[in-house]
Amino acid sequence: MSALTDDTLPVTPRAIRDEMIMFAGMAALLAAVPLTGIYPFFVMQALCFALLACAFNLLIGYGGLLSFGHAMFLGTAGYFTAHALKVWGLSPELGIVVGAAGLGVITGVVAIRRQGIYFSMITLALSQLLYFIYLQAPFTHGEDGIQGIPQGYLFGIFNLAKPTVLYYVILAGFLGGFLLIYRTINSPFGEVLKAIRENEPRAISLGYKTDQYKLLAYILSGTLAGFAGSLKVFVAQNASLTDVHWTMSGEIVLMTLVGGLGTVFGPVVGAFVIIAMQQYLAGFGQWVTVIQGVIFVVCVLTFRRGVVGEIAHYFRRSL
Amino acid sequence: MQALYAQLLVGLINGSFYALLSLGLAVIFGMLNIINFAHGAVYMMGAFCAYFLLNVAGVGYWPALIVAPIAVGIFGMILERTMLQWLSGLDHLYGLLLTFGIALIVQGVFQNYFGSSGLPYAIPDELRGGMNLGFMFLPIYRGWVVVFSLVVCIATWYLIERTRLGANLRAATENPTLVRAFGINVPRMITLTYGLGVGLAALAGVLSAPINQVRPLMGADLIIVVFAVVVIGGMGSIMGSIITGFALGVIEGLTKYFYPEASNTVVFVLMVLVLLVKPTGLTGRAA
């Protein structure tokens with residue numbers, strides 16, 4: 001099996017330095033957004049999806065596991081956060097904790113039993129199972145979803161109803177999640193994951209319990225994806241079935257593919273590209289689906305490294 | 001009891017579609033090593049093809065049963081030659097992603113022109129009406145769907161497992177280089193195999209047109225269940241996908257009778273249970 005990514009460059013001090021400079025640039029750019037005239041709602045939404053795509057990329061880009069059901073984490077955490085905030089009246093931080101817990105463990109134990117395309121199909125089927133449960137369960141309000149969610153005060157101090165405060169809270173959540181993922185992939189744990197991606201039998205013969213590594217990566221990825229789903233509830237103030245549907249999983253895959261599988265910054269770029277596309281092409285109606293399909297086909301046939309992957313390859317740098 | 005038999009029949013019919021679709025997936029997977037995410041889209045194209053043949057060209061059900069699968073099969077072969085071919089040797093996840101993109105394009109185009117609502121397709125005159133079997137009333141068309149798909153499944157199994165052509169095919173999946181050395185045109189065989197798999201899906205689409213309404217997303221909803229069927233059965237054997245397909249349709253029908261709330265989810269729950277007990281699936285070999 002040929003490798004999914006063009007990851008021949010070793011982790012050198014120079015690579016780490018490059019990536020830290022990029023990170024500082026990205027953080028500064030994003031922190032400056034409220035000072036410019038850019039519509040903050042758009043950037044917040046894109047940030048939530050960027051974190052989601054980064055979490056997804058941790059699994060596919062570094063573990064070689066293509067999950068086609070990551071929308072289930074987004075949607076589940078969204079529903080639980082929304083329910084915790086609205087019905088139980090919990091404060092935001094508790095809502096997030098409740099939202100981002102557990103699901104990764106349960107589905108991971110099942111999904112991790114098969115690899116490759118079977119893994120993709122299993123995650124897809126599991127997310128569809130949850131979709132039908134949420135369609136019928138009373139607390140999700142079926143097709144209507146949970147609406148009008150109060151934003152509340154984070155830690156009792158930060159008023160999330162204020163757009164600027166909310167923006168920086170979302171940004172902090174995104175940057176925190178991003179750094180956690182970055183730390184993970186550059187840790188010994190991340191190196192083992194890459195070894196499993198390249199050649200699982202070899203990793204087993206070296207004595208690694210690969211199933212445990214894969215499960216842990218899956219749980220981490222799922223929890224961070226759930227965290228993104230919780231954050232998204234504060235932005236959109238609703239939780240609905242579209243977030244659990246498998247077409248959403250496809251969009252997450254598309255974001256990562258466009259940005260670059262297995263690159264650090266690719267998913268962020270991809271998420272911004274796709275969310276911007278949906279924002280500005282909304283007038284085309286269903287043609288957006290066709291355009292997304294075309295991007296999929298073009299990326300797979302000619303542009304497998306993605307935007308960031310191509311740039312990194314051109315400059316022979318790791319990004 | 002009447003309702004139970006009726007649900008069993010519905011289950012058998014759904015099972016026929018599951019079997020035809022997972023059979024096509026298994027055939028394609030065997031040769032191309034690709035999970036054909038576009039399978040639901042070509043199933044839908046089969047149904048639309050029958051609809052166009054009737055309403056535009058005035059061609060009825062019986063010719064459509066042959067023409068539609070061939071037309072869609074040719075479409076599939078063009079796809080294979082122009083796109084899928086370039087993915088051989090790459091990680092097979094790319095095949096899944098490419099066919100997913102193709103499915104989005106095809107479904108999106110149909111949705112733009114036909115919306116999301118269904119178009120009616122009349123049952124052919126010869127198969128109207130029903131038969132009283134004593135314990136239940138059997139609409140003839142539904143009985144025909146079950147019998148006909150069973151025949152097609154068995155014929156496909158025979159073609160692949162018992163004929164010389166099938167032997168070449170199976171040999172080529174094991175060792176394409178060696179089979180090539182015997183003077184067999186392996187790339188052409190791969191193209192034809194993809195056409196066959198896609199044609200089977202389109203045939204299921206034509207069969208389903210008079211029962212389910214013809215609409216752009218008819219395959220998108222079905223394909224996820226078929227994937228679960230494939231995971232449960234494993235892709236190891238042709239016969240395995242046929243039996244699993246029918247059996248799961250029946251189980252789904254029974255659930256609809258005894259506990260309707262779970263009818264949408266029972267296949268997925270079964271999938272989880274099978275994976276916990278036997279991770280390779282019922283008839284599958286290790287991936």
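Cβ coordinates are placed from backbone N, Cα and C, and glycine is handled just like the others.
Because TrEMBL annotations are produced automatically, they should be read as predictions rather than curated entries.
The transmembrane segment annotation in TrEMBL covers B:6-27, B:34-54, B:60-79, B:91-110, B:141-160, B:190-211, B:223-251, B:258-277.
Between the transmembrane segment (B:34-54) and the transmembrane segment (B:223-251) there are 3 or more Cβ pairs closer than 8 Å, counting only residues 6 or more apart in sequence, so the two stretches are in contact. Away from its own ends, the transmembrane segment (B:6-27) comes close to residues 35-36, 39-40, 43, 136, 138, 142, 145-146, 149-150, 152-153, 156, 160, 193, 196-201, 203-204, 207-208, 211, 222-223, 225-226, 229-230, 233, 235, 238, 241-242, 244-254, 256-257 of its chain (Cβ-Cβ under 8 Å, at least six residues beyond either end).
The transmembrane segment (B:223-251) makes contact with the transmembrane segment (B:141-160), as judged by at least three Cβ pairs under 8 Å among residues 6 or more apart in sequence. Listed by sequence, the residues of this chain that lie at least six past the ends of the transmembrane segment (B:60-79) yet keep a Cβ under 8 A from its Cβ atoms are 38, 42, 45-46, 49-50, 53-54, 102, 124, 191-192, 194-203, 205-207, 210.
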